[in-house]
Amino acid sequence: MKWVVSFFLLFLLNFSDSRTMHKNAYGIDSILDSSPCSSGTNLVGLATIFFAQSVQGATYEEVSQMVKDVLTIIEKPTGSKQPAGCLENQVSAFLEEICREKEIPEKYGLSDCCSRTGEERHDCFLAHKKAAPASIPPFPVLEPVTSCKSYKENRELFINRYIYEIARRHPVLYAPTILSVANQYNKIIPHCCKAENATECFETKVTSITKELRESSLLNQHICAVMGKFGPRTFRAITVTKVSQKFPKANFTEIQKLVMDVAHIHEECCKGNVLECLQDGERVMSYICSQQDILSRQIAECCKLPTTLELGHCIIHAENDDKPEGLSPNVNRFLGDRDFNQLSSRDKDLSMARFTYEYSRRHTKLAVPIILRVAKGYQELLEKCSQSENPSECQDKGEEELEKYIQESQALAKRSCGLFQKLGEYYLQNAFLVAYTKKAPQLTSPELMALTRKMANAGAICCHLSEDKQLACGEGVADLIIGHLCIRHEENPINPGVDQCCTSSYSNRRPCFSSLVVDETYVPPPFSDDKFIFHKDLCQVQGVPLQTMKQQFLINLVKQKPQITEEQLETVVADFSGLLEKCCQSQEQEVCFTEEGPALISKTRAALGV
């Protein structure tokens, strides 16, 4: 499962102090420089992405005009020492272009943002981005004859329009990913236009691109939401874990350097600073390739690729390198005789970063949240042992207990895969449906179905892997699914239990949701017979439509009585299945449902006490 779609990202530049830090708190030099220039980059494409993501409802013509106007400013010589293409604050210039005339802000509901200045204006525009606005129609279907003709007449215009269509539908998607996908699209158009069956060629090729877009967009939303909710400290811990697993042979100083810059790049990406993120990502990738001898043997082929976009994609998806030889299996007595509680806040953070590095490079196949749970447990252990009479003995005993975090996740993975093998994907989804309707009955039926479909699909993917990969796969997918449930909660609060799980601790989100049982604050709606009356149309549908109808019934039932026991549920489902079988075999199907249905509803209400 992809965790970080790219180390290189978006394109606005230099929002006030974004380039001022070239060393971290421990004096480690940054790989990045402070050049605010845009020479050699696809500024038209980047500016199109920015305006389409910031003003999602704008037409292509409106976006193109804003691009033209702002590039005139950027590419004009300033008269200072900076050459054309250099601008100290490109973010401000781009936002000013949107706000320059009243027509665009008023037309698209951005007047409030334009009434603000500086970072407040920037934050307002970011808050207006919507993942799936109802005002934007579905992605236009590619019609081979028209598309091939348009591409041949003006290739640059055709591709830039494609960039616009992607960006407005995916407002948090990193610009380099959009440019990379547009580059893939640019390659398949001439190929498919010459194909014997152009329609089939386009359908096949575009499907894979669409899948990549969807996954990347969801991932970028997740990353930015985690950074926004839990702050830079948590995000740096995530990055330490991931980079240490990717490059376990690298020393701690090298990891610190990469973590500092990668975290900075993601921060700029999530702000929408496209040019800086794009250029900084290229610099980081170039640096990684220049240091491959000390970082990883797995990236040699990646570093031979012709473009930075291809190179970056390859490095991110490369296998983690092998652990160094002679590395002890455990991180025992990490602090030696030092008293953790006597350390300064800075030294505590540094010590925990080093522990996370050492633990991650020894456990390159564990999911990031599991390692962070171990690190959190280790810090709690150190704090507790500092108060004991024999800190060293306390620490030795406590380190064995850290395995419980791995064992809990292993037990869950084993149990989930056991259910998948026993039930199959559809019935596994039904089990998740019951559980999550109890945890979050405020979610709509489509939301519950979509959520649990992803969970069941994760079982289908992860449970077919080798046992040593199932755990990381399952935890990784669960982290993303729960992350998007938390984004939904942020937009429209669900209930106190969900809020507690989403906000208290990033690393503990999945265990928190696993421990939720029933939302005790939920008050079921008055019972409605209409939700439980069946008609003969149920006898005429098959496959997915029939499964969906049954799942809707299941959701309605649990929402009516969230405390329903497994035995009660099995009885009610069996009774209604019997009704379906009886009436669908009857010559008078509708009459059967009309006569038998109400009696069964009464029986069910009495049994459940609703």
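Just so it is clear, glycine is given a Cβ too, placed from its N, Cα and C backbone atoms.
So that you can see what the record holds, here are the features copied from Swiss-Prot:
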DOMAIN    19-210  domain 'Albumin 1'
DISULFID  C99-C114  disulfide bond
DISULFID  C113-C124  disulfide bond
DISULFID  C148-C193  disulfide bond
DISULFID  C192-C201  disulfide bond
DOMAIN    211-403  domain 'Albumin 2'
DISULFID  C224-C270  disulfide bond
DISULFID  C269-C277  disulfide bond
DISULFID  C289-C303  disulfide bond
DISULFID  C385-C394  disulfide bond
DOMAIN    404-602  domain 'Albumin 3'
DISULFID  C417-C463  disulfide bond
DISULFID  C486-C502  disulfide bond
DISULFID  C501-C512  disulfide bond
DISULFID  C539-C584  disulfide bond
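Cα of C148 (disulfide bond) to Cα of C385 (disulfide bond): a distance of 70 Å. Distance between Cα atoms for C502 (disulfide bond) and C584 (disulfide bond): 45 Å, as a whole number. Of all Cβ atoms in the protein chains displayed, 24 besides its own lie within 10 Å of the Cβ of C502 (disulfide bond). The secondary structure of C502 (disulfide bond), as reduced to three states from DSSP, is helical. A mean pLDDT of 83 is what the model gives for the domain 'Albumin 1' (19-210).
Cβ contacts within 10 Å of C501 (disulfide bond), excluding its own Cβ and spanning all protein chains shown: 23.
With C512 (disulfide bond) as the anchor, the candidate disulfide-bonded residues are C113, C124, C192, C303, and the one with the nearest CA is C124. According to DSSP, C463 (disulfide bond) is assigned to coil rather than to any helix or strand. Comparing Cα positions, C192 (disulfide bond) lies closest to C303 out of the disulfide-bonded residues C270, C289, C303, C584. Taking the C-alpha positions, the distance from C539 (disulfide bond) to C417 (disulfide bond) comes to 33 Å. Within the same chain, residues at least six positions away from C113 (disulfide bond) with a Cβ under 8 Å of its Cβ are C99, P105, R121, C124, F125, H128.
With C385 (disulfide bond) as the anchor, the candidate disulfide-bonded residues are C193, C277, C289, C417, and the one with the nearest CA is C417. Its Cβ taken as reference, C303 (disulfide bond) is surrounded by 15 other Cβ atoms within 10 Å in the chains shown. Note: C584 (disulfide bond) has non-local neighbours K536, L538, C539, i.e. same-chain residues 6+ apart with C-beta under 8 A of its own C-beta.
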